[in-house]
Amino acid sequence: MEFILEDFLQHNRSKIIEEWVRRQREEISEKYGMRPVEELLETTGEAFDVCLNALVEGKLSHISRFTEKMALKRLEEGFLLSELQKASELYRSIVVSLLAKEPTITTVAEFFNNVNKINGCMAYAGQSFSQHYQDLYQKKALEHNQMIKEAGLRFRTVADFTYDWEYWLSQDNQIRYISPSVERITGYKPEDFMENEALLRELVIPEDREQWDKHCRDSLNRQEPEVAQFRIKRRDGEICWIEHACTQVRDREQRPIGLRVSNRDINYRKRTEEELRNAKERIEAHIANSPLAIIEFDPSYRVIRWSGAAERIFGWQQNEIIGKNISDMHWVHEEDMESVVKLSNDMLAGRIKRILNVNRNYRKDGSIIICEWYNSALHDAQGQMTSVLSQVLDVTEREHAQEELTEYAEKIKFFAYSVAHDIKNPAMGIKLLIKTLLQKYSEVLNEKGKMYCNLIMEASDNITTLAERINIYILTEQTPLVIEDINLNHLFDMLRDEFSAKLLSRKIAWSQPEKKLNIYGDRLSIMRVIRNFLDNSLKYGEDKLSAIEVGYDESDEFHILFVRDDGVGIGRKDSRKIFYPFFRSSTSQGIQGLGLGLAIAHEIAKQHNGKAWAEPGSEKGAIFCISISKQLSPTP
């Protein structure tokens, strides 16, 4: 979409005028701020229109009639020239700020081209105000001798206290007047320039002197005002940007009598413009480098930004899509249209500021993709939406992979159930047959035969247990948790009673917390985890096992339950693997077990938004831990 300065100013007229009036009342002076709002709105609106017409027709002299009228009005009201210059600068500041945010300005060169137009217009306006001030004083002086004195005093008040560096250069390049403000900008006093008129040129840094010399040659013969920017070297050595505006001055007979010059320190403006340019370049670079499509919509949902990633994801080039309304693009899948329209309306109405949405979109070639849309809406002070920025990620492959993963998971679950069933039933049948054999033919079998029968029944029991554990492992992932308030002291007591026979027979000391402890979690699942930890310690602690501690710890985010023993312990290498399904460490040879108990503990920990882990004890033994999130809410 082509940027047109006239359309931009017309579109933002009310916003600029309102902001201009507000800042004039607050930032110029107390007296200036006391002017009636209605009068400020009227004159500010007229000033806006005059500047707009001058910019459109390209003739800055259109401003002269207005500045002459306003100079007379403000002079009679007792305002200083510096106050009018500040008002002029406020307009420039407001418009440049809006230009920096305008999305249809797509290049830095285009931005600064329009900024220079505004700067030129306002520089001339400020210089024109100054010129008319002087003309008015001279006219009054000629009308009456007393008025000449008063006009002279007024002139000095206005000219000597002007904020910008003002001077009058005669036709023979002699400085006739230079304002005291020159010292603020250059560090040199007015008399330094009077004594050394070459100082004007010497201040200009060598790189800009050719531009300065050409400007000086052309200015004396140019009737239209001329604006230039160049750098000077201050007395303290600092480089300072100057905006130089000059126009030809004529006497009553319209004979040229020199140049009226206004120099303004624009260092801050240049730094701001540089920062804006750098910020815009950084943002554009980040957008260009982002793998996400960056799309921006205006309040009417017309596309005003379309990044390179958007071109790659959707297939349309930027010049095909900018300016189009979302309803004209036909890129939302029909079945998702209703939800997308509702979301768009909610953002427009301010009911939603930001949201993540997933829907299907059409590419330019007609293919369908699945996209995650990260949408963020901006609203002004009145609650009106000003833009929506969308970051879009193509998740088609991820969604398809997730569907395949879900399908494979179902197949694996079915296969596991089938295998468990097909293993368990024959194993139970074998055990029943062997048991019957022992009962009916025990007299025939010798001791070795009976031993073989017992071994076969034991193997059948192991196969049956394996099938049941496989089912438990699968169910652990599938069964929803029942979150409730758990009294850990009571739970630990139950487990102590359950294992009391084994603890007593092996003379193993038991310890648990005395402090009252309550957490939220699934009671049966947590009991299963601690039971598996205890079973693991008893199985693999060997004869060295003499004490087991069931304990509690916590962090800011988690409850931590642990079982500590003083048995043979585990190696650090094994501690990372023992939670894998069917893993058996080298120290577990000859000990019955399937390697699923700790794998089940790992799955239960994940369901509680925590984790399960093991580590060697500080001196001996092992510690088995599970963390449980403190953010779990009771199941309704």
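Each Cβ is built from the backbone N, Cα and C atoms, and glycine gets one as well.
For reference, TrEMBL has these:
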- 169-223: domain 'PAS' (DOMAIN)
- 226-278: domain 'PAC' (DOMAIN)
- 279-351: domain 'PAS' (DOMAIN)
- 354-407: domain 'PAC' (DOMAIN)
- 418-632: domain 'Histidine kinase' (DOMAIN)
Remark   = Taking DSSP H, G, I as helix and E, B as strand, the domain 'PAC' (226-278) contains 12 helix, 30 strand, 11 coil
Ask   = Per DSSP, what is the residue count of the domain 'PAS' (279-351) in each of helix, strand and coil?
value = 40 helix, 12 strand, 21 coil
Message = Taking only the residues in the domain 'PAC' (354-407), give me the average pLDDT of this model.
response = 89
Note = For the domain 'PAS' (169-223), the DSSP helix/strand/coil residue counts are 30 helix, 6 strand, 19 coil
Key: Tally of DSSP helical, extended and coil residues in the domain 'PAC' (354-407)   = 12 helix, 31 strand, 11 coil
